[in-house]
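Asker: Pulled the feature table from Swiss-Prot, pasting it below:
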| type | residues | note |
| --- | --- | --- |
| ACT_SITE | E104 | active site, proton donor |
| BINDING | N89, M90, E91 | substrate binding site |
| BINDING | H102, C129, C132 | Zn(2+) binding site |
| DOMAIN | 186-294 | domain 'CMP/dCMP-type deaminase 2' |
Amino acid sequence: MHPRFQTAFAQLADNLQSALEPILADKYFPALLTGEQVSSLKSATGLDEDALAFALLPLAAACARTPLSNFNVGAIARGVSGTWYFGANMEFIGATMQQTVHAEQSAISHAWLSGEKALAAITVNYTPCGHCRQFMNELNSGLDLRIHLPGREAHALRDYLADAFGPKDLEIKTLLMDEQDHGYALTGDALSQAAIAAANRSHMPYSKSPSGVALECKDGRIFSGSYAENAAFNPTLPPLQGALILLNLKGYDYPDIQRAVLAEKADAPLIQWDATSATLKALGCHNIDRVLLA
């Protein structure tokens, strides 16, 4: 079991501990549960889906990286496929506060970058901030997304985001988590190709500035993040954050990164290079390359 889970695991009910122990035994537990695993946990504990998601939140929150606030938030995004995806907030010392990742963004990106097609619900241990409510409104599940909070009845996103402004107001038809392929040819080595593939999946209807980041760890594992724009602009999630979300949730740490590649267009209206390289350097990675999409 990864050390970060030990404290939260010890506080779970005995029957949930017994059912989870073989799942969490792998140090690189992928911070997700398949539909089959969810069904097995429900049978072992007698909990329904909502109660099980709440019971698992401490494990999601244990994935948080909060050196600034020490305020850990966990989220679980429930995919329409039946898979549940953990998420947690992340802060980066030496970067800017704008680089911060919220737990809801983490769980949603985890699902999206894992190939999930849509979300049915999201469970969070604290009320989503306005930033996250706006981020969720970019999803193809839209205002119908169910939000579950401890001690409250479940409500749709529309109940938390009154008079919402979103992609439909800007006549955007392709939404976050819809399948997208911008068709750039995969060239270069495996890491460069992973970055280009991530750029091809970008959701960037507002700036038309595709970008993707791929991180290579010392053991050869590659994590890729795609750019995810938002109708309100500021809740946009950069591609580096997507890659860092996966790296963190899959049990890796920043010192494990040995090389990074950013793929973007040289003449794009928005450029990721400066922010990406600055944040990576703050995390200790200085081997950073840029591949131009053409």
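Numbering starts at 1 and runs along the chain as displayed.
Using the three backbone atoms N, Cα and C, a Cβ is placed for every residue, glycine included.
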Asker: Within 8 Å of the Cβ centroid of the Zn(2+) site residues H102, C129, C132, which other residues of the same chain have their Cβ?
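Answerer: Not counting the recorded site residues, we get A103, E104, Q105, P128, G130, H131, R133, F135.
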Asker: Looking at the binding-site residues M90, E91, C129, C132, which has the shortest Cα distance to the residue listed as 'active site, proton donor'?
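Answerer: Ranked by Cα distance from the residue listed as 'active site, proton donor', first place goes to C132.
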Asker: Going by DSSP, is C132 (Zn(2+) binding site) part of a helix, a strand, or coil?
Answerer: helix
Asker: Out of N89, M90, E91, the binding-site residues in the record, which is closest to C129 (Zn(2+) binding site) when you go by Cα distance?
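Answerer: Nearest in space to C129 (Zn(2+) binding site), counting only the binding-site residues, is N89.
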Asker: From the binding-site residues N89, M90, E91, pick the residue whose C-alpha lies nearest to the C-alpha of H102 (Zn(2+) binding site).
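Answerer: Comparing Cα positions, the candidate nearest H102 (Zn(2+) binding site) turns out to be N89.
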Asker: With Cβ-Cβ distance below 8 Å and at least 6 positions apart along the chain, what are the contacts of N89 (substrate binding site)? List them in sequence order.
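Answerer: Long-range Cβ contacts: A64, R65, T66, F71, N72, V73, T100, V101, H102, A103, S106.
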Asker: Judged by the number of other CB atoms within 10 angstroms, which among E91, E104 is the least packed of the recorded positions?
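Answerer: Lowest Cβ count within 10 Å among the recorded positions (E91, E104) is E91.
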Asker: Could you give the mean pLDDT over the domain 'CMP/dCMP-type deaminase 2' (186-294), rounded to a whole number?
Answerer: 98
Asker: Measuring Cα to Cα, how far is C132 (Zn(2+) binding site) from M90 (substrate binding site) in Å?
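Answerer: So the Cα of M90 (substrate binding site) lies 14 Å away from that of C132 (Zn(2+) binding site).
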Asker: Sort H102 (Zn(2+) binding site) into helix, strand or coil using the DSSP assignment.
Answerer: coil
